[in-house]
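In TrEMBL this protein carries:
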- 106-207: domain 'CAAX prenyl protease 2/Lysostaphin resistance protein A-like' (DOMAIN)
- 12-34: transmembrane segment (TRANSMEM)
- 40-60: transmembrane segment (TRANSMEM)
- 72-91: transmembrane segment (TRANSMEM)
- 103-122: transmembrane segment (TRANSMEM)
- 143-164: transmembrane segment (TRANSMEM)
- 170-190: transmembrane segment (TRANSMEM)
- 195-214: transmembrane segment (TRANSMEM)
- 234-253: transmembrane segment (TRANSMEM)
Amino acid sequence: MKKLFEKSPAGVILSFFAVIMVLTIVVDSVFSIIFTDDNVAQLVARFVLIVIMLLVNVTVFKLKFGNMMNRIGLGLLLLLPGLSYVVLNLIGVEFDNLMKASMQAYLIAVVSTIAAVSYEEILLRGLLLNGLLKAWSQKKNGILLAVIWSSVLFSLVHAINLLSGAPLDATLLQLIYTTAMGFLFAAVYLRTNNLLIPIIGHFVINFSGVLQDMGIDPEKVTGHVSAGDDVRKAPIAIAVASGIVFVFAMIYLRKKKLAEVNDLNLNIK
């Protein structure tokens, strides 16, 4: 597969992405049978998948993920537009309810969220985005094409939630904001060459969603924001937040910054 990747990197990395998606469904199903606790099952499944992806990268793809100490301050600053999702998640949270949760519940939530976002960032930004950057490094708009593909596929990954019984309308809303998040995380990663930064941003947004689930009456939640009595507020709020995030992502990847990206990312030749 190593020789095939050198010959056709885009085709191989996209095929590997599809294989991981299928494998994720299989591994999740297997560990959900082995473990009675869903959080433990998902944690172990994500750990196994992360190990598989890293082993394949070390032996086949040899993609460079960057320096985890690189441009941390800049990266955190560039993540600020993503806080719009955090605000939406925390609107209406009743902190008395959060105080009722045990330390064990919080610990499990933190560890599970770290595992989930690490799995997604390694797959989508570490492997897919970098693999496409390597494949399309000679294309005129190779960087933007790689960002678009990785962001759209990042969004489509969440369509799997339909298989677990998630409502169609909530899933469609999720596809909207995860696409925008994909653009933001890709842009921040490319500007910093530090995979830890999108992992941090992804964790903060997802964990705020966990806090929402723990601190709000489910009957008052529509989609991924607190909608109160007006269910129309949820899609409008998500659309506005996603628009803001997308605009900032494009600003981060404006033309004069692409040369900087070329110099930072070692996968671009």
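Each residue, glycine too, has its Cβ placed from N, Cα and C.
A quick note: this is a predicted structure, and the numbers were derived from the prediction, not measured.
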Sequence-remote partners of the transmembrane segment (195-214) [C-beta within less than 8 Å, at least six residues beyond its ends]: 65-66, 68, 71-72, 75-76, 78-79, 82-83, 85-86, 89-90, 93, 97-98, 101, 105, 109-110, 113-114, 116-118, 120-122, 125-126, 181, 184-186, 188-189, 221, 224, 226
The domain 'CAAX prenyl protease 2/Lysostaphin resistance protein A-like' (106-207), counted residue by residue under DSSP: helix, strand, coil: 90 helix, 1 strand, 11 coil
Annotated stretches the transmembrane segment (143-164) and the transmembrane segment (12-34) touching (3 or more Cβ pairs under 8 Å): yes
Whether the transmembrane segment (103-122) meets the transmembrane segment (40-60): three or more C-beta pairs under 8 angstroms: yes
Averaged pLDDT, computed only over the residues in the domain 'CAAX prenyl protease 2/Lysostaphin resistance protein A-like' (106-207): 91
